[in-house]
Amino acid sequence: MDQMLEKYCGEFGWWQFRHFVLTSLAWALEGIHTMVMIFADREPGWRCSTNRCDSTGKSVCGLEPGSWEWLGGSASSTVSEFGLICGQKYKVGLVQSLFFAGCLIGAGVFGHLSDSKMGRKGSLTIVCILNATFGCLTAFSSDYWTYTLFRVLSGFSTGGTGLCAFVLATEPVGQSWRGVAGMSTFYFFSIGIAVVSAIAYFFQMWRSLYIVSSVPSVMLVIFVLPFIHESPRWCLVRGKVDEAMKIMHKIAKSNGKHLPEGIVLALDSEVNDDDVPNSQSKSNEAQNGSILDVLKLPLTRFRLFLAVAINFFCSVVYYGLSLNVVNLGTNLYLNVALNAVAEMPAYLLTALVLDRLGRKPLAIWTMWFSGIFCLAGSLMKGDGTWKVVRMVCGVLGIFGMAGTYNLLFVYSMELFPTVVRNAALGCATQASQMGAILAPLVVVLGGGIPFAVFAACGFAGGLLVIYLPETLNRPLYDTMAGMEEAEAEKPSILS
């Protein structure tokens, strides 16, 4: 596949650019459905309605019932409508954690389905439909526990959205452009966060917010997905060689290239460097793989365990620092939008140096960069000028970890062959969701403790990356056998 893209079809021409942009729009949906809870679950302002109310108080917990009222009415957020204040405030963190628990399950389920008969495009279509459905149903929740149920279901579908979109967008890209293309997907995630900030500003009632924020999913299914092709790599490993070749011919034609009729695709396990594929007999047999196959092979098992741990640590820091935006005491809509925009320079810088420094050193230093500023934040006071300095440390911490989070998708994808790639990425994504589940619980500890925990996670994650191999300029393997044979020629899997 990589040889055909390089020699005949083009590694990143007009076809790949168009396919990449259309597919990556699904990342914006993940940003919308994940961050919408910041606005829907916010605690609105309040005011006194009688003279029996102490307007100088910072909380309504000690006030007489009926002596105060919510600004914007009780329907402005789930907190005001379902009474999630004082002793019930923990339920806000609970529903957010359960959303990420749903993401954890969805990542594993759709990671497996997209590697099997459903395919990358089929799985992406399903999760987008589910996103729209569960998002709208959430708006009609009659009580807190119904609301929680639909948020868990929304998390289930959201967990598979970015995963399926990432693999589908990057698999048709040639080896020399794959890193940059893979890291560029996160721009769409940040755009989605900025979009939901704008939507929430104009639709501040939480029920209307969930309905309007589900519209982009419907639009993607109707106007975008019909123009996206299935991954030719998936077609190849599933034995659909003719279908894969049709896609490759379309890529070549669109890119102004010519693919000779006598050239055919073959799996990397069927040929070596001296062979020329002249038969489709083996390729016509579907190659199946699951997470069990990853665990059976020592090489991939070791990589999977490391990828899971690293993604977990990265997620704790990224989501933990992101959730601190509600504690800044300024305009929530503007803060979330600025937070999304602030991540983009990290994506750009890591993309620019990715193919120069390599995946491994870049992952190490971005995690340690974040860890250093989180450690500094944990040692500072939270008042006066130090409050501003701590905020800057948080911004720099999320700057470093945003680059890591982006990089890890590319890095993790290149560590595993096509037959198990989505299953392995699903496990890594599940680990990220476990970190996201833990993050709100760390944030509520307050003071310098969250920064200290984030610093420890950043340093630990960087240390674990040391034991992963460098994947720069290495091919994307199709099968377990093909990868095992190629990696056996290297002196060490840690090189």
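Just so you know, glycine gets a Cβ as well, placed from its N, Cα and C.
Curation does not apply to TrEMBL; its annotations are automatic.
Record features (TrEMBL):
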type     : residues : note
DOMAIN   : 19-473   : domain 'Major facilitator superfamily (MFS) profile'
TRANSMEM : 92-111   : transmembrane segment
TRANSMEM : 123-142  : transmembrane segment
TRANSMEM : 148-168  : transmembrane segment
TRANSMEM : 180-203  : transmembrane segment
TRANSMEM : 209-228  : transmembrane segment
TRANSMEM : 302-321  : transmembrane segment
TRANSMEM : 333-355  : transmembrane segment
TRANSMEM : 362-382  : transmembrane segment
TRANSMEM : 388-411  : transmembrane segment
TRANSMEM : 449-468  : transmembrane segment
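The recorded stretches the transmembrane segment (148-168) and the transmembrane segment (449-468) do not share 3+ CB pairs below 8 A when only pairs 6 or more apart in sequence are counted, and are therefore not in contact.
Averaged across the domain 'Major facilitator superfamily (MFS) profile' (19-473), pLDDT for the predicted model comes to 84. Beyond its flanks by at least six residues, the transmembrane segment (123-142) meets 23, 26, 29, 33, 106, 110, 113-114, 150-151, 153-154, 156-158, 160-161, 164-165, 168, 206-211, 213-215, 217-218, 220-221, 225, 228 of its own chain at Cβ-Cβ distances under 8 Å. Sequence-distant residue pairs (6 or more apart) of the transmembrane segment (302-321) and the transmembrane segment (180-203) include fewer than 3 whose Cβ atoms are under 8 Å, leaving the two stretches without contact.
Long-range contacts of the transmembrane segment (388-411) within the same chain: residues 166, 170, 178-179, 182-183, 185-186, 307, 310-311, 314-315, 317-318, 321-322, 324, 328, 339, 342-343, 345-347, 349-351, 354, 359-360, 362-363, 366-367, 369-371, 373-374, 376-377, 380-382, 425, 428, 451, 454, 458, 461, 468, 471, each at least 6 residues beyond the stretch ends and with a Cβ under 8 Å from a Cβ of the stretch. Through the fold, the transmembrane segment (209-228) approaches residues 19, 22-23, 25-26, 28-29, 32-33, 36, 39-40, 121, 124-125, 128-129, 131-132, 135-136, 138-139, 168, 195-196, 199-200, 203 of its own chain, all at least 6 residues removed from its boundaries and within a Cβ separation under 8 Å.
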